[in-house]
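Asks: I have a structure I would like to understand better, so I am pasting it below and will then ask my questions one at a time.
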Amino acid sequence: MASESSPLLAYRLLGEEGVALPANGAGGPGGASARKLSTFLGVVVPTVLSMFSIVVFLRIGFVVGHAGLLQALAMLLVAYFILALTVLSVCAIATNGAVQGGGAYFMISRTLGPEVGGSIGLMFYLANVCGCAVSLLGLVESVLDVFGADATGPSGLRVLPQGYGWNLLYGSLLLGLVGGVCTLGAGLYARASFLTFLLVSGSLASVLISFVAVGPRDIRLTPRPGPNGSSLPPRFGHFTGFNSSTLKDNLGAGYAEDYTTGAVMNFASVFAVLFNGCTGIMAGANMSGELKDPSRAIPLGTIVAVAYTFFVYVLLFFLSSFTCDRTLLQEDYGFFRAISLWPPLVLIGIYATALSASMSSLIGASRILHALARDDLFGVILAPAKVVSRGGNPWAAVLYSWGLVQLVLLAGKLNTLAAVVTVFYLVAYAAVDLSCLSLEWASAPNFRPTFSLFSWHTCLLGVASCLLMMFLISPGAAGGSLLLMGLLAALLTARGGPSSWGYVSQALLFHQVRKYLLRLDVRKDHVKFWRPQLLLLVGNPRGALPLLRLANQLKKGGLYVLGHVTLGDLDSLPSDPVQPQYGAWLSLVDRAQVKAFVDLTLSPSVRQGAQHLLRISGLGGMKPNTLVLGFYDDAPPQDHFLTDPAFSEPADSTREGSSPALSTLFPPPRAPGSPRALNPQDYVATVADALKMNKNVVLARASGALPPERLSRGSGGTSQLHHVDVWPLNLLRPRGGPGYVDVCGLFLLQMATILGMVPAWHSARLRIFLCLGPREAPGAAEGRLRALLSQLRIRAEVQEVVWGEGAGAGEPEAEEEGDFVNSGRGDAEAEALARSANALVRAQQGRGTGGGPGGPEGGDAEGPITALTFLYLPRPPADPARYPRYLALLETLTRDLGPTLLVHGVTPVTCTDL
């Protein structure tokens, strides 16, 4: 965790002039020794070559011939608009911080997290691997179109034998050449790319000059077989030179049959071919680990490359429409050779473009693979790809990728691979747009890119357009890619990954939570929508684990805050001892699988700390309304960490960098007879403080005896039938008659009903006990209670029990604390009443027999026992001197009752209105 002494920047401000100092953690290809490429050689050249590919020479006639000039320009504008949206996102992310090796993968993973970044990074890697194979297969086909021997044998220039084995051999030889260049490092790759760029530029220049310099001519088209295999007379296309009639004829669309496939073209199919050729905008970003200044080079170089290729495509569209008739455009996609002043130069351009695309894909794939291996997302599978040379060249990743490309070449399915490659590229582009969109929506202060020509609108459009293009190009491949991404993300989530990168999801959640918390107006609260919002005060969680889980069940969709008071005075301490404890408590919440917030405080006493937490815990309209405490008794604390399966062994203890076991982060339970942090006086005072602050109070006793299946997160399926007993009457001072249920009694009913909504308690039966005096007739009070339960939609079994004279039922209502502030006679009566009430409750639980005076004959020892008992918690006496006596009465009342919740409610929580 960063401290006051941590540097604000990850590099030294003072250093040797003109020397770039790497950020912490940069190594390998991201280190200073490997950063050699300029903007032009590292970004512009590979991006231009990738965006041209073979389309610029072999598909211009296809697009213009079928779509016409106007629709072709519209397609080009739409395609580049989609790409430009992603380019804007790339520029924004690249100028917001130091970009290391891995290009698009690095940007996505450091924004969306390792799960999404790793899954898309692997898919982008596979796309580059397949893209390299597609380029090589296309190059082999182009070579064999000119130099391949036909069925009659070699003749003239057609001397190369053909067939699957020969094609695989040619592809493997070309792959060896490409792999050798990439293995020797980025420097040789940059020089080879620059040489290729010169060849392609020279070839394009010769084509552009030929459009102007060559006069009109007829060009013989490839003959087509006629019906029944008969030969047709030769057909010719016409190069007219600059002619307005030719332009007019080529303005509109004229979709026809593709002579290479026999399929009739339409707007979508032509647009897909054009868009396939325009992808490749990440070629420069993939070299981020070798760039001298990636934050400047990536945006500048990518924008220049996109603008340059767009201009060349537009120029070629216009020149083709002005000079070539539709027959030539539709029947001879390689017509550039026929009109060129020197046709071999066009062939050189075609071969150089395909070769450069394969080199760009292979070296880009190796850099992505090395970044994935360095981040250790896929474990030992990619471990060999971490190896680099002394100069930082990831040669092992190149060889790794070379082997995969060789496997793809064995398949030889060019057309199938092309669609999958494009879809995988689009998934990566959409993820980059989503990353930028997330950063923009999160409104984090540290997201301030120097490139400002973007907004959330452009990012959102980029995501939507990339997804649309995926399904337009290949619906099957698009659906499969999204499914694969989901499976990989699930795998990485299950495996776990580094958490030090930061998650934009956390920033987005903060932004949304803050917005909705501001809308949560406490002045609009209504009892219809009341829900429990609990503050559980815990001294040592090792002894309170069952209560921790029980409180999690009682909250039922409400707020749950886990509070702890550390004793001390900040004036006498060198630092705050509370802050280092948060990690341990958050790990406790994760391991216990409870949905709780953690709030810790430092205070000279537990009582004052509880007051602090009651006042300041929560935020806005989400503040605790109920205090939950463990019961204060002399029972020795149990160490539940030793018996609970979730805590007996540290999770992920075998993973490098995993946190230590929780048993080492919390002290052992208090030994019997040792001093306690809280005395009985302060304990009762804390209860009184909560009631004064208008908070409900729940005291939990013997929660460790709860059946384990009732504390589980499952459905609570068990062969043992349990009861949940509710006594909605103050057993220490019955008042108001047998049918009286006050606000506190209704709160008991509500909490018991909420517990029954939890799956683990579905099978437990709710029983409500109605106490009658020895002279009261049964039936009438039960009917009134059943009517009340019906109005409150509470399903429960009502049982009437007869209590003896000591209950005092039906006495006039008086001050609640009267029994505790009167003479000694009141204490004696209260003690007797507590013993009588305890015997009565025990008799109904099936835990024993013998009620108080005039009590029942005994409980049903053969029937189901009570898993949990809800009792009415009397208000503490007004005189603090009587707090210990009050606590002693509560101890007598709940002695040997098993798991018990003493509940006192101060606010209405039930409503019969719609």
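Using the three backbone atoms N, Cα and C, a Cβ is placed for every residue, glycine included.
A quick note: this is a predicted structure, and the numbers were derived from the prediction, not measured.
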Asks: Do Val63 and Cys466 end up on the same side of the membrane, going by Swiss-Prot?
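Replies: Different domain labels for Val63 and Cys466.
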Asks: Have a look at Ser6, Ser603 and find the one that Swiss-Prot tags as phosphoserine.
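Replies: With Swiss-Prot as the source, phosphoserine is noted for Ser6.
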Asks: Looking at Asn243, Asn286, which one is marked N-linked glycosylation site in Swiss-Prot?
Replies: Asn243
Asks: What residues in the same chain, six or more past the boundaries of the topological domain 'Cytoplasmic' (284-297), come closer than 8 Å to it by Cβ-Cβ distance?
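Replies: For the topological domain 'Cytoplasmic' (284-297), the far contacts come to 20, 28-30, 34-39, 42-44, 46-47, 90, 94-95, 97-104, 106-107, 128, 186, 305, 360, 363-364, 367-368, 370-371, 450.
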Asks: Cβ under 8 Å, sequence separation of at least 6 from the ends of the topological domain 'Cytoplasmic' (438-466): give me the contacting residues as numbers and ranges.
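Replies: Cβ under 8 Å, 6 or more out: 81-82, 85-86, 88-89, 91-96, 111-112, 295, 299, 426-427, 429-430, 432, 504-505, 507-508, 510-511.
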Asks: Can you name the far-off residues of the same chain, 6+ from the ends of the topological domain 'Cytoplasmic' (189-193), with a Cβ under 8 Å from a Cβ of it?
Replies: 36-37, 41-42, 45-46, 49, 181-182, 356, 359-360, 363
Asks: So how many of the residues in the topological domain 'Cytoplasmic' (360-390) end up helix, strand or coil by DSSP?
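Replies: Per-class counts: 23 helix, 0 strand, 8 coil.
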Asks: Take the topological domain 'Cytoplasmic' (360-390) and find every residue of the same chain, 6 or more past its ends, with a Cβ under 8 Å from one of its Cβ atoms.
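Replies: Same-chain contacts beyond the flanks: 27-29, 46, 49-50, 100-106, 109, 114, 118, 121-122, 124-125, 128-129, 131-132, 135, 178-179, 182, 185-186, 189, 193, 280, 282-283, 286-290, 396-398, 400-402, 405, 492, 495, 497-498.
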Asks: Would you kindly list the residues that approach the topological domain 'Cytoplasmic' (94-119) from elsewhere in its chain, counting only those six or more residues past its ends and only Cβ-Cβ distances under 8 Å?
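Replies: For the topological domain 'Cytoplasmic' (94-119), the nonlocal Cβ contacts are 10, 23, 25-26, 28-30, 125, 282, 285-290, 294-296, 298-299, 364, 367-368, 370-372, 374-375, 377-378, 428, 431-432, 434-436, 438-439, 447-451, 484-489, 491-493, 497-498, 501-505.
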Asks: Six or more residues out from either end of the topological domain 'Extracellular' (319-338), which same-chain residues have a Cβ under 8 Å from its Cβ atoms?
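Replies: The answer is 57-62, 64-66, 68-69, 207-208, 210-211, 219, 221-222, 235-243, 246-247, 249-251, 254, 256, 259-260, 346-347.
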